[in-house]
Amino acid sequence: MQSPWDYPDFDDHEVVHFVTDANTGLKAIIAVHSTHLGPGAGGTRLWHYPNRGDAIRDVLRLSRGMSYKNAMAGLALGGGKAVILADEARTKSDEMFAAFGRSVEGLCGKYVTAEDVGVTVPDLVEVSRHTRYVSGLPVEAGAVGGDPGPHTSYGVFLGIKAAVRSKLGKGSVAGLHIAIQGAGSVASGVARRAAEEGARISLADIDGARAQKLADEVGGVVVPVNEIMTLEADVLSPNALGAILTAESIAALRVPIVAGGANNQLATPAEGDLIHQRGILYAPDYVINAGGIINVASEYLKDADEAGVKARIEQIPGRLETIWAESDTTGRNPAAVADAMARRLIGRG
Ligand code: NAD
């Protein structure tokens, strides 16, 4: 039996906490990668993992990604993440989230949770009845907080525009074809903003009805799930799940730009080189998708109002440009450049 220490994704994580609550059926893993810059912050993902090893791998990768993301967003936060191992129907209950909240509280602030795939604001409200270490809660109009999805979408959209400027020399996405993987919270915000600026949208989601609804709203078209990554377009924006950029999928890409909000898009660091060698401009995921955590952090740390959050998100394009410039001068791929910058910031450079 492989221990968490032996997983290739284990990177001296400070805490890996396994949670079982027999009364509610809760099975979860909380991983804190680094608290060098502050409490380990990152959302909770509720997902059906065919085997438990997949869940361990996911939480190790995602929590390290949060350390990098928070550091690169200039936040006083470390990196952490939680996964809830759901059944195939992804059944959830208030009692399950109450038990999860108690386990977060038990870590005494080393980990601060928020939303991720499968976890909604009402779920977090239940969590917040049992722990203070939670963000992404409903707030009164005008206050900072709430669902991070729209903020992530805003940052991803600005990142797409920066990539379009840098790679295609265009100041707008008007008339460009954007292929979007996913039709959830992040994808829908990206699709709406891009369509509003005049882009043509193609999208795919394993939830066909969700995909159709979004396509109808933005005047786009739905394409089969297995075709979205090989579509000829100006931008591929992955906004569903991770590890979608493999040697095989990269070889089949027909876009000059990959820029989207999904976490951990590269299956392994080696794919960062492959996509670079193909001359495709890649926006490192945890840099372009930091809008949500910027909002969550500002709510939790209470150090910015709505205008301040917007201004912080608007720094994402500049960060991407710094990474692409260093990539140009050193020849290293943008993902490797971003990782090295992030590791220096968390004291592991
Ligand atoms: P969501 O649950 O709202 O949407 C995800 C969508 O992806 C769902 O509609 C799902 O059906 C679809 N999907 C799953 N597998 C797919 C596949 N193989 N092909 C096509 N579609 C598929 O989640 P979200 O909040 O929009 O998050 C999307 C991604 O962005 C995730 O990787 C998440 O970790 C990342 N992310 C989200 C935020 C945020 O603020 N919500 C912040 C940073 C990163």
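Note: Cβ is positioned from N, Cα and C throughout, glycine not excepted.
Nobody curates TrEMBL annotations by hand; they come from automatic prediction.
Here is what TrEMBL says about this protein:
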| type | residues | note |
| --- | --- | --- |
| ACT_SITE | Lys81 | active site, proton donor/acceptor |
| BINDING | Gly182, Ala183, Gly184, Ser185, Val186, Ala187 | NAD(+) binding site |
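Spatially close to Ala183 (NAD(+) binding site) yet at least six residues away along the chain are Ala191, Leu203, Ala204, Asp205, Asp207, Arg210, Ala211, Lys213, Leu214, Ala215, judged by Cβ distances under 8 angstroms. Here the residue listed as 'active site, proton donor/acceptor' is positioned 19 angstrom away from Ser185 (NAD(+) binding site), judged by their C-alpha atoms. DSSP gives Lys81 (active site, proton donor/acceptor) a strand state. Excluding Gly182, Ala183, Gly184, Ser185, Val186, Ala187 themselves, the residues of that chain whose CB lies within 8 A of the CB mean position for the NAD(+) site are, in sequence, Gly149, Ile180, Ser188, Gly189, Val190, Asp205, Asn239, Ala240, Gly261. Packing around Ser185 (NAD(+) binding site) is summarised by its Cβ count: 20 other Cβ atoms lie within 10 angstroms of its Cβ, all protein chains included.
Across the structure, Ala187 (NAD(+) binding site) and Lys81 (active site, proton donor/acceptor) place their CA atoms 21 angstrom apart. In this structure the C-alpha atoms belonging to Gly184 (NAD(+) binding site) and Lys81 (active site, proton donor/acceptor) are separated by 20 Å. When secondary structure is read from DSSP and collapsed to three states, Ala183 (NAD(+) binding site) falls in the coil class. In this structure the C-alpha atoms belonging to Gly182 (NAD(+) binding site) and Lys81 (active site, proton donor/acceptor) are separated by 21 Å. Here Val186 (NAD(+) binding site) is positioned 18 angstrom away from Lys81 (active site, proton donor/acceptor), judged by their C-alpha atoms.
Taking the binding-site residues Gly182, Gly184 in turn and counting surrounding C-beta atoms within 10 angstroms, the largest count is reached at Gly182. Residues near Val186 (NAD(+) binding site) in space but far in sequence (CB under 8 A, at least 6 apart, same chain), listed by position: Gly149, Thr152, Ser153, Val156, Asn239, Gly261, Ala262, Asn289, Gly292.
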